[in-house]
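Please see the structure below; I have some questions.
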Amino acid sequence: MNLPTVLCIIALILGVRSAKNGFFTKLGKPIVCDDINFVGNYCQTKCVKAGANNGFCCQQKCYCLGLNDYAPTLQVADSSEKACQAMSG
């Protein structure tokens, strides 16, 4: 067998997991964070519960980091997405 074939087989066995960032949605609506829960770990808790690695409040919505590819996310303008990605470090 050649090397690419072996690498593909190993990847399938290990189960390659991809991650994405975005505003997680539940029933088509984003998780809202307002002035009361902007500070603290409200969004982190909500995002981790949704399967993400982390999360924070950005533009009054919870922005999740490390969601799986199949997690539903809100479609937003590129400028909004870039602003939240910049805040994530």
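Think of each number as a place in line: the chain as shown, counted from 1.
Here the Cβ of each residue, glycine as well, is placed from N, Cα and C on the backbone.
Keep in mind that this is a model prediction, so the values were computed, not measured.
According to Swiss-Prot, the feature disulfide bond maps to C33-C57, C43-C62, C47-C64, C58-C84. Annotation comment: Swiss-Prot describes 20-85 as domain 'LCN-type CS-alpha/beta', evidence class sequence analysis. The signal peptide annotation in Swiss-Prot covers 1-18, and the record cites sequence analysis as its basis.
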Check C58 (disulfide bond) against DSSP and tell me helix, strand or coil, would you?
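Where C58 (disulfide bond) sits, the three-state DSSP reduction gives strand.
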How many Å separate the Cα atoms of C47 (disulfide bond) and C84 (disulfide bond)?
15
Anything within 10 Å of C64 (disulfide bond)? Look among the disulfide-bonded residues C33, C43, C57, comparing CA atoms, and list what you find.
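Checking Cα-Cα distances against C64 (disulfide bond), the disulfide-bonded residues within 10 Å turn out to be C43, C57.
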Using all protein chains in view, find how many other C-beta atoms are within 10 Å of the C-beta of C62 (disulfide bond).
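There are 24 of them.
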For C33 (disulfide bond) and C62 (disulfide bond), what Cα-Cα distance in Å is obtained after rounding to a whole number?
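A Cα-Cα distance of 6 Å.
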With the cut-off set at 10 Å between Cβ atoms, which of these disulfide-bonded residues ends up with the most neighbours? Options: C43, C47, C58, C64.
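Selected residue: C64.
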Expressed to the nearest Å, what is the distance separating C43 (disulfide bond) and C57 (disulfide bond) at their Cα atoms?
6
Tell me whether C47 (disulfide bond) sits in a helix, a strand or coil according to DSSP.
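The three-state answer is helix.
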Taking the Cβ of C57 (disulfide bond) as reference, which residues of that chain separated by at least 6 in sequence fall under 8 Å from it?
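C33, N37, F38, Y42, C43, Y63 - these are the non-local Cβ neighbours of C57 (disulfide bond), listed in sequence order.
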